[in-house]
Amino acid sequence: MPVFVLRLQLIATEARQERNKSVAPIAKCDCRLPGPTKRTSSAAMAAGKAVWMAQARSTAGSMMVAASCGVAVGWASSAVVKLQDRTGPFQLTDDQASWVVSLNDVGILLGSLLSGLCFSVLGRRATLLLCPLLLLGWAALTFAATAPAFLYVARLLSGAGMAVHFVYGNVYLAEVSVRSSRGLLSLLTSLFAMAGTLLQFCVGPYVSYRTQAWLGALPAAAALVLLLLFTVESPYYLAMRDRPDEMLAALARLRGCSVESDALRDEAHEIERTVERQRSAGSLLAALCSPASRRAASVGVVVQATAPLFGESVLMAYAQKIFIISGSPLGDAQSAIVLYVAQASACLACTALVDRWGRRTLLSVSCLGNCIGMAVLSAYLGASPDRQGPLQWIPLASLLLFVVSCSLGANPVPGLLLAELLPQRAKPLMAPLSMMLFSVTAFAVSKSFLALGEAAGMFAPFAVFAAWNALAVAFTRLFVPETKNKSLAEVYGMLSGREEAPKQN
């Protein structure tokens, strides 16, 4: 399940980088959040509260979309077990189960293409509306399924819905939020996604197959209502479409200000100037032709596109089944819950460590921990020891080490690196491209996991994950640059081989 965590933490990083820029600051709107001063006027506090409320209303739908994606991510862990032990409406073979899990990744590939076409033509709000509609289709087909083919189509829909949110949900949040709230909005989005997956892990094993299907429909329906009622179109999109009056009205709703506010108009003019600069900056191909851009694309895309080979996505999809195979003193369903709670806690810890340890160090340490956890589990399954006494704790302990270490770096850092290394002009092209490559890799890993375990022994896929994480440690130390405490201008200068970054980003 790495995708939404690595995607949902990009905004906070970019906001910190923007504060390091040396360009002249944008005129402050009197309705923005006030800074931490000893004496804050009641008017400023009221203006700050108005901004929080306005942004909370407009982003509530996006938050609920994240929860819907989390529910869809966690569905497979217990649902596949039901369908294989004959407690569902039909029975799945191991090969059919692998298709059910892996077709979600094919859906992510298709959804990346679909949302890319809609994003610039229909707008941010209309693109986001696709996500709950696709997830409602997934829930309906899952509920009505009477054969594996129903689930194949349903998983394509769920993957497409996730892709819409993963690729463009953060773009919308970045365009409508003020700097001081981007970090909090990113954290809240991550927490909503984790809450959705945790709901499936905690409730899914103890309810019927069809009841579990409806768990996915409830947050998707709520997200659709919130998006229709409260979500405001992005001012940047309206400026790009040359609709200045609508852009000013949307910005006023997002800032809780009157359209007559001089400071609000200053911000609107700055948005228009930014859009004009982007129009005159040249083609996307030109942005990717420089050596610095090629190096950034190579490192960032390779790290993110190969992230499924760390093993976390397939582990979370098959968590309950893995514990059935390996054994656990807590029981398979309870062990899967413990695993996900540990993962969510580690993701929160990562937000504090990523700027202290640095991306490169955190990714190296994380992959080393992943390697140890997977190697221990592979050796345990290969040796087939007596699963009684202290040894029965080895599978749970090794998987806990893996999910904690993965969540500290291998999960979120690839997406952060991609956001920091790529030039601004290249991001609209490279973000969906990296997601498509990610989905291809994830599909291959998910589809081959059970097949490799059946052919060579269940220790084999975990041995592959251990070996890849060992290679990732070496790749990180040799090729991944450190971007900690660097502005985008400094990162670009470093990639270009200059000791000093340019003055402007």
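Yeah, the Cβs are placed from backbone N, Cα and C, and that goes for glycine too.
Because the structure is a prediction, the values reported are computed rather than measured.
Quick look at what TrEMBL annotates:
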- 54-484: domain 'Major facilitator superfamily (MFS) profile' (DOMAIN)
- 59-77: transmembrane segment (TRANSMEM)
- 97-119: transmembrane segment (TRANSMEM)
- 126-146: transmembrane segment (TRANSMEM)
- 152-173: transmembrane segment (TRANSMEM)
- 185-207: transmembrane segment (TRANSMEM)
- 213-232: transmembrane segment (TRANSMEM)
- 362-381: transmembrane segment (TRANSMEM)
- 393-417: transmembrane segment (TRANSMEM)
- 429-452: transmembrane segment (TRANSMEM)
- 458-480: transmembrane segment (TRANSMEM)
How about long-range neighbours of the transmembrane segment (362-381): same chain, 6 or more residues beyond its ends, C-beta under 8 Å?
303, 310-311, 325-326, 350, 353-354, 391, 394-395, 397-402, 404-406, 408-411, 413-414, 417, 457-460, 462-463, 465-467, 469-470, 472-473, 476-477, 480
Among the ranges 213-232, 429-452, 458-480, the one whose Cβ pairs under 8 Å to the transmembrane segment (97-119) are most numerous:
429-452
The transmembrane segment (126-146) in contact with the transmembrane segment (59-77), cutoff 8 A, at least 3 CB pairs, sep 6+:
yes
Using a Cβ cut-off of under 8 Å, list the residues of the same chain at least 6 residues beyond the transmembrane segment (213-232) that approach it.
57-62, 64-65, 67-68, 71-72, 75, 125, 128-129, 131-133, 135-136, 138-140, 142-143, 158, 161, 176, 196, 199-200, 203-204, 207, 250, 253-254
For the transmembrane segment (59-77), give me same-chain residues lying six or more residues beyond its boundaries with a C-beta closer than 8 angstroms to one of its C-beta atoms, as numbers and ranges.
1, 4, 8, 100-101, 104, 128, 131-132, 135, 138, 142, 158, 161-162, 165-166, 169, 172-173, 176-177, 185, 188-190, 192-201, 204, 212, 215-216, 219-220, 222-228, 230-231, 316-321, 336, 340
Predicted model, mean pLDDT over the domain 'Major facilitator superfamily (MFS) profile' (54-484):
82
